[in-house]
């Protein structure tokens, strides 16, 4: 956000007073620039255009005002008119870098980013402010996903202005996209040698060490970020997460609580605090913080899910069902939520709802082996052999080396009366994995009491 001087604010106040009185006053070109840029910065386009109109009436040959006019035209997609004016301005002032910057802006709007880059590079030796042009070139490279070149120009921005934190953040984004973790660490260490109290750099360096699971190094970096700015909420939060990973739960809670004093209450912070208490076996306090999370943001499905998991793991399946249903009301296309819903309903012996939930989990993309196995077993226990055969067959196609599916397919074929196919798959199952016989005999005793099954077991 640009900050405006008292002189600039005076010009704006004078201009607005003029509009209220409906009496035209004279402003010099610099004043009009200040007024127009002020309105553009605030997104007040109609007022900016009004000021432009009056400014060009008073100063029809002012190049700076015409360039602002072009900027507005490009923003409003009046590209043909903008192009005509820019060609005229280039003939009048061929050494004005802003002409080429606006031409580049126009070509960027047309998605001709390579052309925009060429124009910006041409503008570089003409420009007084290299940082702005370097930054624009870097952004054009981002548009065409050339992150290596973008990185190079963001570095140039920082070499001109080490406190250009916008360019720093964009540069770090490039490192992330390119997965250049070690290079990012090397750059940040060099950067911090020159700018040791940059909390953003320390914070990001800590996150890079987290990627490498270097927890103590990450902790050190977050501490330096806090030293650089003791109101930096993000640094306390990341530090708390590291302490939680290091199983220093009490210290983690202290740092999570600091974030609550610096910023608005956050359901995610409450969830983390609750999890720390849960890991310290203080279920009562953990539960209190989980409820604080849902109270803070009832629309956050993660909070309700945490409560569902909390009760599920403690065998309170009725409460778990209540909260997983709330999760699904908020987000009904998440396969993991449906799988957990199925497991909870299974524990409550509501097999019909469990079967539906498994089908939803798979429909939304959960093709994990555990889900397909549990769904198949549920169908077999419900004696829905046709559907069980379909699900088990799909599982075999996805996981051809999963021996237990041969048993399940055999049981399903027997259930639909296709004994020859059942025998075929059972023989393969015995051949590949006899160690599973006891498991399936206990789970599906009726199948193992069939005569043909006993006969195969004798021979094998």
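The first residue you see is number 1, and the count goes up from there.
Note: Cβ is positioned from N, Cα and C throughout, glycine not excepted.
Sequence annotations record features per position, and here TrEMBL assigns repeat 'TPR' to 97-130, 131-164, 233-266, 267-300, 301-334.
Mean pLDDT for the repeat 'TPR' (131-164) in the predicted structure: 96.
For the repeat 'TPR' (131-164), same-chain residues at least 6 beyond its ends with a Cβ under 8 Å from one of its own Cβ atoms are 97, 101, 104, 108, 111, 113-114, 116-117, 120-121, 123-124, 170-171, 174-175, 177-178, 187, 191, 194-195, 198. Sorting each residue of the repeat 'TPR' (301-334) by its DSSP state yields 27 helix, 0 strand, 7 coil.
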